[in-house]
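Chemist: Below are the features listed in TrEMBL for this protein:
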type: ACT_SITE; residues: SER290; note: active site, nucleophile
type: ACT_SITE; residues: HIS355; note: active site
type: DOMAIN; residues: 46-81; note: domain 'EF-hand'
type: DOMAIN; residues: 82-117; note: domain 'EF-hand'
type: TRANSMEM; residues: 176-194; note: transmembrane segment
type: TRANSMEM; residues: 226-251; note: transmembrane segment
type: TRANSMEM; residues: 263-280; note: transmembrane segment
type: TRANSMEM; residues: 286-305; note: transmembrane segment
type: TRANSMEM; residues: 317-340; note: transmembrane segment
type: TRANSMEM; residues: 352-370; note: transmembrane segment
type: TRANSMEM; residues: 382-408; note: transmembrane segment
Amino acid sequence: MRRDNHYLGGIGGGKGAMVNSSPAVAAHAEGEEIEVLESTNVLPVAPEDQWKSLFDKYDQENSGCISTERFRDLLAAHGSELDPHKLEVLLALADINADGKICYQDFVNLVRNKRSNSFRRAILQGSRQLRNSALREEVGLGLSRRLVRHVAYETLPREVDRKWYFDSYNYCPPPWLMLAITIAEVIVFMYYGLQLNRWVLQVSSPYFLKGPLPYHPQLRAQAWRYLSYIFMHAGIEHLGLNMAMQLLVGVPLEMVHGALRIGLVYVCGVLAGSLAVSVADMTAPVVGSSGGVYALVSAHLANVVMNWSGMKCQFKLFRMAMALVCMSVEFGRAVWLRFYPPAFPPCPNPSFVAHLGGVAVGLTLGVVVLQNYEQRLQEQSLFWIFFSVYTLFILCGIFWNIFAYSLLDVKLPPPP
């Protein structure tokens, strides 16, 4: 059975009457970091089904949550079966929960170590206790703190998560990934706009596909093109819609979940988009960041729908409708352009299939990432299921690009 190694040196040694544990704590030379070593003599955690039955006894309304008073009664009666360090976290969680409720899923996540070390630290750390009042009641906040509160209500469905995020986020690091990608896309677009002397429907220029960035089926052996195509756009109308969705959705998500997780979803959507085109629309080139953008937007919208009652953002139904309208307009533009007579046949216009690849990634891998804020993805079975399916798709796409074009005798357009 696993042992908990997430205990802070600044907190007392747990309930000595329950278990004799002595975690060894070594301080960093400058006193800025604390190294936590694994505690010994930890009692095993009770099986989850046993805790579920105990929880249900106190949950008379069958709501999945119980009051903090009943939760304390449960811990008082059965807490001796828990590691004292976990018991300390659970008691602190009861103290800071302004809703007066403890949900069974929160309880299980903490007991089974599915919450990250930083979340445990936030609850236990006395100097940064989570706020007891609802975030909307906070007054006198500056512009930057109001923005953080707004982002918390936009992206997180539970009040305890919103409070932890609000108290811990300090813009360091800033949401650099989405901003850097957007700036790079604008720079590339401006460069080609000046080179081609064209800003609308740049794709109609004979030199548009000659650069090193767009994906072209004749150049599919140049592996970087499966990713670099995101920096090219068919025109200012294409760039504008993608950039708006990328900034309005991608930046808040990166502020909450971090560049690593959001970058994972974004890059997976980009790669799935180009590979989907190479499988389903074999003769068409690809440009634009729609694969990555649609992965993020579809994951966010699905997360909002799945946690509808917990999401407290204002005008959420209207904003959901507007997001779907923007996605539909951009997708409709891409479909129209694909079947519009190309300026230089036999090469067709860029494909729209990358949008669908991005949506598929967002509704699977992306949803798992967004639903597990401050929890360890490597311990989520759904994450590994979807990641394995995605990896299998990538491998199949690679083999398809190596063998299928020759086996099917596909008539490709000439290279640009």
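Glycine too: its Cβ is placed from the backbone N, Cα and C atoms.
Please treat TrEMBL annotations as automatic predictions, because they have not gone through curation.
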Chemist: Tally of helix, strand and coil residues over the domain 'EF-hand' (46-81) according to DSSP?
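Modeler: Summed over the domain 'EF-hand' (46-81), the classes give 25 helix, 3 strand, 8 coil.
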Chemist: With the transmembrane segment (263-280) as the reference, which stretch in 176-194, 226-251, 352-370 has the largest tally of C-beta pairs below 8 Å?
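Modeler: The stretch I would name here is 352-370.
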Chemist: Around the C-beta of HIS355 (active site), how many further C-beta atoms are within 10 angstroms, looking at every protein chain?
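Modeler: Total other Cβ atoms inside 10 Å, all chains included: 25.
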Chemist: Would you say the transmembrane segment (226-251) and the transmembrane segment (317-340) are touching, if the rule is that at least three C-beta pairs must lie under 8 angstroms and be 6 or more residues apart?
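Modeler: These two stretches do touch.
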Chemist: From the Cα of HIS355 (active site) across to the Cα of the residue listed as 'active site, nucleophile', what is the distance in angstrom?
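Modeler: About 6 Å separate the Cα atoms of these two residues.
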Chemist: Suppose we draw a 10 Å sphere around the Cβ of SER290 (active site, nucleophile). How many other Cβ atoms does it contain, all chains included?
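Modeler: Excluding its own Cβ, SER290 (active site, nucleophile) sees 32 Cβ atoms within 10 Å.
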Chemist: Residues of the same chain, at least six outside the transmembrane segment (286-305), with any C-beta under 8 angstroms of its C-beta?
Modeler: 155, 157, 181, 185, 203, 214-215, 229-234, 238-239, 242, 245-246, 249-250, 253, 262, 265-274, 277, 311, 313, 316, 320, 323-324, 327, 330, 334, 350-351, 354-355, 357-359, 361-363, 365-367, 369-371
